[in-house]
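Presented below is the structure to which this report refers.
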Amino acid sequence: MHKVTKIGVLTSGGDSPGMNAAVRAVVRTGIYHGIDVYGINRGYSGMVENDIVKMESRSVANIIQRGGTILKTSRSKEFMTPEGRQKAYNNLKALGIDGLVVIGGDGSFNGAQVFSNEFDIPCIGIPGTIDKDIAGTDFTIGFDTAVNTAVEAIDKIRDTMDAHDRLFVVEVMGRDAGYIALHSGIATGAENIIVPEAKTDIEEIIKSLTEKEKRKKLVNLIVVAEGGEFGGADEVGKLIKSRIPTADVRVCILGHIQRGGSPTCFDRLIASRMGFHAVECLMLGKNNVMVGVVNNRMHYTPLNAAVKAKEKFNKDWLKIVKILAS
Ligand SMILES: Nc1ncnc2c1ncn2[C@@H]1O[C@H](COP(=O)(O)OP(=O)(O)O)[C@@H](O)[C@H]1O
Ligand SMILES: O=P(O)(O)OC[C@H]1O[C@](O)(COP(=O)(O)O)[C@@H](O)[C@@H]1O
Ligand SMILES: [Mg+2]
């Protein structure tokens, strides 16, 4: 066993429901093994600015069910510079921290790789992002909660959409990722789903909408990822309106409600398991790896492979959408 005495834990990038459960697991597993655990506030910003506090078992009491992150999060420009990372390293070294657990998304993992390649502090990643745009894990912490929030909201939209025979374009989160759109769209019976990872035949969509409009039955749900090919829901709504001026189109942007709320049981469970195993990874002397879950078993992936997620987007699911919506 590699001797680890003091570890730091931080949450970085967009927050996601279940991050608190992961922090709790890291803190309590560390303490169980006799390791001091330090909470680094506001992600890499807190590392650069020395906003670091020692955590006790009680510091993480009553947080497993809470969304957001008690450690807070940020996007740090300073950490992108060698000078910023040097400051961060000096702060960790002064405390004797000899291992780091980074809970975040692809950007945070890029930062962790740069840092652990420059300095002698091993980094372990835990995938915490609602976007699920990480390879080497079937799920990321927060995705399940975010998708369920989106589904609940879209179900409500469907009721009024159906009552008026209207066309709705609903935008879900995902700047570069279409997983929330794909999963929530299938689960709510959307007729069309537009994601950044795949080309959309907009002419085909317009053609089918025009036919529906002619029959005065334009009830249709389109779920769009924020970073879709044509932009978000506003752009898609305008595009449809410009091609079918008589269409009764409504746009709804779900936005940040998808990032908040109490994590689902599923997210709490994977967060707890990942947090537990992240500490074990540091104790085993691992570095630059992400703890994931594949086929319900723990799975370790180099951080550089984890950030290449676009390859695994399952375009076959889009075929299912087409057939089920016909
Ligand atoms: N190449 C990089 N070098 C150093 N730090 C980085 C790099 N890429 C990202 N980071 C750090 O990670 C933070 C979080 O990344 P971001 O993409 O905003 O979120 P997420 O981790 O949720 O994808 C950034 O604000 C930055 O501080
Ligand atoms: O916090 P902001 O700046 O509103 O970020 C919005 C973005 O964050 C996300 O919610 C999550 O992305 P990350 O996990 O990569 O931070 C995206 O879906 C969304 O595009
Ligand atoms: Mg990201």
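Here the Cβ of each residue, glycine as well, is placed from N, Cα and C on the backbone.
Counting every protein chain shown, the number of other Cβ atoms lying within 10 Å of the Cβ of Asp131 (active site, proton acceptor) is 27. According to TrEMBL, the feature active site, proton acceptor maps to Asp131.
What TrEMBL lists as ATP binding site is Gly14, Arg75, Ser76, Gly105, Asp106, Gly107, Ser108. A C-beta separation below 8 Å, combined with a sequence spacing of at least six in one chain, links Ser108 (ATP binding site) to Ser12, Gly13, Gly43, Tyr44, Val102, Gly125.
Of all the Cβ atoms in the protein chains shown, 31 others lie within 10 Å of the Cβ of Val26 (ADP binding site). According to TrEMBL, the feature ADP binding site maps to Arg24, Ala25, Val26, Val27, Arg28, Arg158, Gly189, Ala190, Glu191, Arg215, Lys217, Leu218, Val219.
The Cβ of Asp106 (ATP binding site) lies under 8 Å from the Cβ of Thr129, Asp133, Ile134, Ala306, Val307, Ala309, each of which sits 6+ residues away along the same chain. TrEMBL lists Asp106 with the feature Mg(2+) binding site.
Non-local contacts of Arg259 (substrate binding site) by the CB criterion (under 8 A, 6+ apart in sequence, same chain) comprise Gly14, Asp15, Ser16, Pro17, Gly67, Ile130, Gly142, Ala146, Met173. Here TrEMBL flags Thr129, Ile130, Asp131, Arg166, Met173, Gly174, Arg175, Glu226, Arg250, His256, Ile257, Gln258, Arg259 as substrate binding site.
If you look up TrEMBL, you'll see 6-282 marked as domain 'Phosphofructokinase'.
Listed binding-site residues: Arg24, Arg75, Thr129, Arg175, Val219. Those with a CB atom under 6 Å from ligand 1: Arg75, Thr129.
Taken in sequence order, the binding-site residues Asp106, Gly107, Ser108 that lie near ligand 3, meaning a CB under 6 Å from one of its atoms, are Asp106, Gly107.
Taken in sequence order, the recorded positions Gly14, Gly105, Asp131, Met173, Arg175, Glu191 that lie near ligand 2, meaning a CB under 6 Å from one of its atoms, are Gly14, Gly105, Asp131, Met173, Arg175. Within the set Gly14, Arg75, Ser76, Gly105, Asp106, Gly107, Ser108 that the record links to ATP, no two Cα atoms are more than 14 Å apart, and one pair reaches that distance.
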